[in-house]
Amino acid sequence: MKLCGALLFALVAVQAAVLLSAVPSAQASELQVGYYSKKCKGLENVVKWHVVKALKAHRRTGAALVRLLFHDCFVRGCDGSVLLDKSYDNPHPEKEAPVNIGLAAFDLLEEIKADLEHRCPGVVSCSDILIYAARDAASFLSNGHVHFDVPAGRLDGFVSKAEEAQAELPDSTDDVEKLIANFARKNFTVEELVILSGAHSIGQGHCSSFTGRLSEPADQITPAYRELLKYKCSSGSNPPVVNNVRDEDYNTVGRFMPGFVSRLRKVPDFLDNSYYHNNLAKIVTFHSDWTLLTQKEALGHVHEYADNGTLWDEDFSDSLVKLSKLPMPAGSKGEIRKKCSVINHRLY
């Protein structure tokens, strides 16, 4: 009886601790630039140091961080829900959604979190760490042209569901009307849809995400590029392919698109407005990219950003800030996780 009583007491204590640590989530108006200036001094320098070190070792990690920001904030707001692993509470987390195939950089965020827990225990949320890290990655990949101050003060959520991610995130096969409606539900305009799509100047996608492109007609995809994609996808079981043909290997481009060889980039994953030039030339990977050319307002913005890379840098920075302010569902509560992949009470 004593053992049972002790066990019951321990369980009640853990539940009480969880309830006490769970607090209402911050709304966008409550987020503050410099939120951690006194709570965890040097935080941004710590995050930047880890990000730069990681990107110097493997530059593609930067694209993964930028993608994680979007895939986290577009589902349940910016609450770190995409970072949670499978658990009793979340048996099918967002990571398992087909639309989230290829998400990466989780280990880097855990590395940053561990460092900050050592310096400032229980202070910095994983959701804030992700925003800082993605910001620093975007800045690194754009040579500083994309940059913004991060409003912070987010909490980490308790809920992560694959079905919600699949329902809410835009799909690579969507037509422009569906994309516009999806973004409008998050209070984003057609222009902001076009701006954020420009992130496809970096990173990679799996062949399963653009299977339909391999049979689309010449007025939707340049035939030489279509053949290049077919060749790349024949090299394995659902292999990843770079989003930007300018990052392809010299031999492959020389074989299928010899006239494009001179436009290949010496440094891959450079975050710039090349996406818009590629889209107008119909050499983009996803149907959801090409479909922007079929709607008058969206097409106008594609031309606008193809003509003005500096404007895109500025507008992309502003759009990331707006994205980072998407709130958790009304009435949600959160916590400061000790590990980004696990809700705190699962650590006991």
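Residue numbers in this text run from 1 along the chain shown.
The backbone N, Cα and C atoms fix where each Cβ goes, and this holds for glycine too.
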Cys4, Cys78, Cys120, Cys126: which one closes the disulfide with Cys40 in TrEMBL?
Cys120
Looking at the disulfide bonds in TrEMBL, identify which of Cys78, Cys126, Cys207 pairs up with Cys340.
Cys126
Near Thr252 (Ca(2+) 2 binding site), which residues of its chain come within a Cβ-Cβ distance under 8 Å, counting only those 6 or more away in sequence?
Leu228, Tyr231, Lys232
Within its own chain, what residues at least 6 apart in sequence put their Cβ under 8 Å from the Cβ of Glu94 (Ca(2+) 1 binding site), listed in sequence order?
His71, Val75, Ser81, Val82, Leu84, Asn100, Ser160, Lys161, Ala162, Glu164, Ala165
Distance check, please: Cα of Cys233 (disulfide bond) against Cα of Asp272 (Ca(2+) 2 binding site), rounded to an integer number of angstrom.
26
Could you tally the C-beta atoms, other than its own, that fall within 10 angstroms of the C-beta of Cys340 (disulfide bond)?
23
Alpha-carbon spacing, Cys120 (disulfide bond) to Asp249 (Ca(2+) 2 binding site), which is rounded to whole Å:
44
